[in-house]
């Protein structure tokens, strides 16, 4: 019955099941470990395991199991029998296990058998296997054979290490009596008195032995030390002798090497100087010979690559010359595939870039003379001017005078371009008569080539009257029309041209080229002449794109007096306009000159390599450009001298200058004590240098004769200078960037009874010619001509004046140069003196220094053929930060005396003494009063205090967020519109200014919702502005301007465009446009537009 219950409790399995048996034993063990009696069924199960048979069955399940009773006295206790039976059961169930030592032995035997088997396998391996596998097998075989030796070595090493670690100091351990263990103690052995004597004797003996050992050890140490020092000294002496001998041999060797290198350097220096002299003198034959002798790898590589380039360009130009133009229009569609090799990367082999005929040319050249590095240049030059025509006399149609010899040469060069079906650039220096040479070309083609035109002349608006006057003077028989004026006037001109159909020349300006494209593009122009061609240096401009893609033109000619800048991109832009199908990728154009050094880590160039690259670049453009300078062709033209006159600033100017540098605001006469916050701090500092009236409102009374002079250092200098120049018989051209300043100058000239004329961007086109005629009359009563640099510095003939005053210099020195050449040109009979007014220690000195750097060769950075004369926005920002840090500390320092200024201004000794006498008379008349306004005379409202927020910021004005341009009325050159939008607007006759402003505002409103980062900068600007800003006043004026009639609006936009004409001098700075309620944005602009913004703003106020 117990078996049945056990079977039921254990899942109904049989007793012989080992799993159930094990479970029963584990269950019994749990009871016994807790000192509990086994249940009957479990006891039966364990007993059956021990005896091998089940016990007697019990009764049915309804019979309860017997209760445990106490065992009889004559039997063993219940627990003893149970434990014995349990142990026997465990023994029966326990497997026959091996002992630990036996298992280790078995494991060792197994490892040995494996090793032996592996040894036999390795020994039986054939030797025909690979070398790597054979080497690995041999290493493994030797390692297994040396296993026992390795074990012995490890045992010996570990034993030795243990001994050295534990028995390092044997002598000290010998005398360490604590380590001695005697077999028996001394106590109780022998007589106590004898033991005491023995102890004393033993101590004495031990002490003697110890002292002897110490002495011996000390002697040994001393001997070893002396021996060591002796060896060291001997080694030092030997080492010193060796060093001396080595140094002597090294000196002898170095002296010889240095002498050899010195001779080589002298030889290389002489060769380099000879090469540079040959290169500067443009003696190519001698330079190539010297390069071959020097065996300079870099120079040879550069020459070979550029020689191949020139050969390829010559072949391409020849194909263009041979191309037949459909209907006389310059569309080289058939030659697109022939020119595709010029667009291929330079990394490909040259033979892959050339057509078959070019490969034959190159191979034949290499076979004839592989070292002729000038062959490519000869092919290039011969391909361009292959058809020559000698011009010895001027056309008979020219009636206004006789051409000079160099002008005849220019005419011959332009005729050569015409005969060779090419375009070019006439880049004579300003004042050499580019206009007359161009008119002579038109007359020559009309008279000798039978080319009546039509000719399209595109020029700045300021020089249109000059073109018309020159045509009327020199070739009155040629029908030249001026296409300008309001919409009704232009419409009448179009009807007249369309009705008669007889005209030779049409003269217009840049704006109408884009605005009236719908009409002008219908005419097939034979020649297009672009005056001031540097406007096309940016090939991405709307003007360049319009002229290239919108007009049908057979020939092109550029006129520019500005020298070609050392910029590959600008150079390529001009070539792209002249030959758009040859120079059609600026990237490939740069790669042509970068390729020789593309695979080298060192791309820095020497002076010779820089000069060589410049010469090779000029060789590319030289056949298309003709440039002569005044000192080369006009030997008898009077000289031009530039004098920098430095002046101090008045106390009012210094107050405003300090306020701008410290707080970015100036005090105004508002009655409320508020000040005016400013933007574009560089422009504000320049206004401080000119006159404090530029900050005051229109209600301020400027008609104060003493104050208008004493408030400005420059006006004070003018007040001393002008009477002297008028008495000496000189006439003056005064140029300024700011039209508001010209307004103040007009007040000063009126107060002092000086007769003057004025020309700026607001002057009408028909009035400009009249103003020039009035000033250039023989007995003209006008003493001074006031001109804005942008509008009056281009194409005006004012050689009747012999003095030029640059009131405030331009960032771009070319603008000042052009302004100076209005007087220094053909027809000038007097020495021209140019006075540049500069406030001492101010931002104007920085501007002047930057202009000098740009004019010099040191401002050019050349790396692997790349030319860069621009400074980055970071450079401009650092310059402004330096000015702000310097503040007013250097204002008024090193101001020249009156005598020094007289010495600089006088052109003769008599003039100097006359100026001295006039100064003395003036000083006596003024009773030696101070010429400039002092601190106590500055109006109280001119001072401003810091706001609470500025005080919290320790008065440090954060100028970094407001160094941008002022908001000016947007002049549209259609760059803000897409090509499709612009074409639609032009053909439909819409106002491009209004359309562009509408699209611009839409973009700004969209960007305003997306850009959240600009809010912090806007808030910073708001904290600096307490009163009405100058930009808000300008916006109100713009709104009033929009209400003008259509006639006035068209005229104003045209004149403001003329005022804003300028070339990009590449000086980019950070600009923040005016923050207004509806939009805010920031952008990047060109630094030269500082003056453009000011000039344009002044014209609007005017």
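Quick reminder: no glycine exception, Cβ is built from N, Cα and C everywhere.
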### Query
Any idea which of 55-76, 77-98, 99-120 is down as region 'Disordered' in Swiss-Prot?
55-76
### Message
Tell me which of 523-526, 527-530, 531-534 corresponds to the motif 'DEAH box' entry in Swiss-Prot.
### Response
531-534
## Note on the structure
Taken over the domain 'Helicase ATP-binding' (415-581), the predicted model's pLDDT averages 81
### Task
Within 10 Å of each Cβ, count the other Cβ atoms, then let me know which of the binding-site residues 430, 432 comes out lowest.
430
### Task
Restricting to the same chain and to sequence separations of six or more, state which residues have a Cβ under 8 Å from that of residue 433 (ATP binding site).
404, 407, 826
### Task
May I ask which residues of the same chain, at least 6 positions away in sequence, place their Cβ under 8 angstroms from the Cβ of residue 429 (ATP binding site)?
561, 627, 628, 629, 630, 821
### Message
For residue 434 (ATP binding site), which of the three DSSP-derived states applies: helix, strand, or coil?
### Response
helix
### Query
For the motif 'DEAH box' (531-534), what are the DSSP-based totals of helix, strand and coil residues?
2 helix, 1 strand, 1 coil
